[in-house]
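Copied over from Swiss-Prot:
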type	residues	note
BINDING	ARG16, ILE17, ASP38, ARG85, ASN321	NAD(+) binding site
BINDING	SER156, CYS157, THR158, THR187, THR216, GLY217, ARG239	D-glyceraldehyde 3-phosphate binding site
ACT_SITE	CYS157	active site, nucleophile
SITE	HIS184	site 'Activates thiol group during catalysis'
Amino acid sequence: MGSTGKIKIGINGFGRIGRLVARVALTRDDIELVGVNDPFISTDYMSYMFKYDSVHGKWKHHEVNVKDSKTLLFGEKSVAVFGCRNPEEIPWGEVGAEYVVESTGVFTDKEKASAHLKAGAKKVVISAPSKDAPMFVVGVNEHQYKSDVNIVSNASCTTNCLAPLAKVINDKFGIVEGLMTTVHSITATQKTVDGPSNKDWRGGRGAGFNIIPSSTGAAKAVGKVLPALNGKLTGMAFRVPTPDVSVVDLTVRLEKSATYDEIKAAIKAESEGNLKGILGYTEDAVVSTDFIGDSRSSIFDAQAGIALSDNFVKLVSWYDNEWGYSSRVVDLIVHMAATQ
């Protein structure tokens, strides 16, 4: 905690998630953004990219100005700007950044992310799945966080959508096995026109005019945050030409028989109780753009799901894969700070 009583955070990587985490942080009273690092973006360009957003609209909360080449002003609040390629060299200690959001997509394992600790940070939250850092999904397993753990992963946006839904269903009815499909909006790694993508040939095809089948580790990752479901879920993705908001289709076999109405009631109860603000519930005739700017991780679409029998059901849940996820990154930091 800083002298202001606020949690001081830094952001490494000012891409989609980095900028939106900054937006979330700057609208909250319990967080203070003290520094941003990105070696590829100048300070004046940073200001422009923060201010104007094709999906989430122009920033309306306060003026954003460049004080000098190393400082941005958000209203009266000055934020230090760095351009270090090596995270070890970012002066987090000097600006007092206790928690660093690692959102470059590059330093996603414990060894690489630990460079921020050497630079003076106390904790690191990786805004991506990690092969070896413990993964936490707020609303699902964040209570298992121990204060001596310094590097954590906030999992993926899709895992954050799927896990709360899977938790409710497994707790109430038991999941024998399940398959997930996410119909997922385009992301920065995709191509505007056909281009080279050696690891994933389909992923190199033009994002704006194709439905592109893709792999995702999101369903398997649920088994890491909910060990009871380990080995019971897997899934895949279709990348589609929408700029933001995605939707999970979870098809599961249940241990206990349940009508679709009983399943809806269980999800609705949790959305108003333990998972309020994380899991949503709607019976409206919604479409994807209705969820742009929705800060919840997962919004269950009661009308869209369907049961084949009392043991076999398809469940549909929406998520703003940018804004909802960025909101959870900040929530996880607040939770971690509360356990210190």
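Keep in mind that glycine also has a Cβ here, set from the backbone N, Cα and C atoms.
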Give me the sequence-ordered set of same-chain residues, not including SER156, CYS157, THR158, THR187, THR216, GLY217, ARG239, with a C-beta within 8 angstroms of the centroid of the D-glyceraldehyde 3-phosphate site's C-beta atoms. THR182, HIS184, ALA218, ALA237, SER246, ASN321
Please identify, among the binding-site residues ASP38, ARG85, ASN321, the one with the smallest Cα-Cα distance to HIS184 (site 'Activates thiol group during catalysis'). ASN321
Run through the Cβ atoms and count how many others sit within 10 Å of the one on ARG239 (D-glyceraldehyde 3-phosphate binding site). 24
Cβ-Cβ neighbours of SER156 (D-glyceraldehyde 3-phosphate binding site) (radius 10 Å): 21
So if I measure Cβ to Cβ from GLY217 (D-glyceraldehyde 3-phosphate binding site) and keep only same-chain residues at least 6 apart in sequence, which ones fall under 8 Å? PRO129, SER156
Measure from the Cβ of THR158 (D-glyceraldehyde 3-phosphate binding site) and count the other Cβ atoms within 10 Å, all protein chains considered. 26
For CYS157 (D-glyceraldehyde 3-phosphate binding site), which of the three DSSP-derived states applies: helix, strand, or coil? helix
Looking at the binding-site residues listed here (ARG16, ASP38, ARG85, ASN321), whose Cα lies nearest to that of THR216 (D-glyceraldehyde 3-phosphate binding site)? ASN321
Write down the Cα-Cα distance for CYS157 (D-glyceraldehyde 3-phosphate binding site) and ASP38 (NAD(+) binding site), rounded and given in Å. 22
Report the largest Cα to Cα distance, in Å and rounded to a whole number, among the residues ARG16, ILE17, ASP38, ARG85, ASN321 that the record lists as binding NAD(+). 27
Pairwise Cα distance for ILE17 (NAD(+) binding site)/THR158 (D-glyceraldehyde 3-phosphate binding site) [Å, integer]: 14
CA-CA within 10 A of CYS157 (D-glyceraldehyde 3-phosphate binding site), subset of binding-site residues ARG16, ARG85, ASN321 in residue order, equals ASN321
Residue among binding-site residues THR158, THR187, ARG239 with Cα closest to the Cα of ARG16 (NAD(+) binding site): THR187
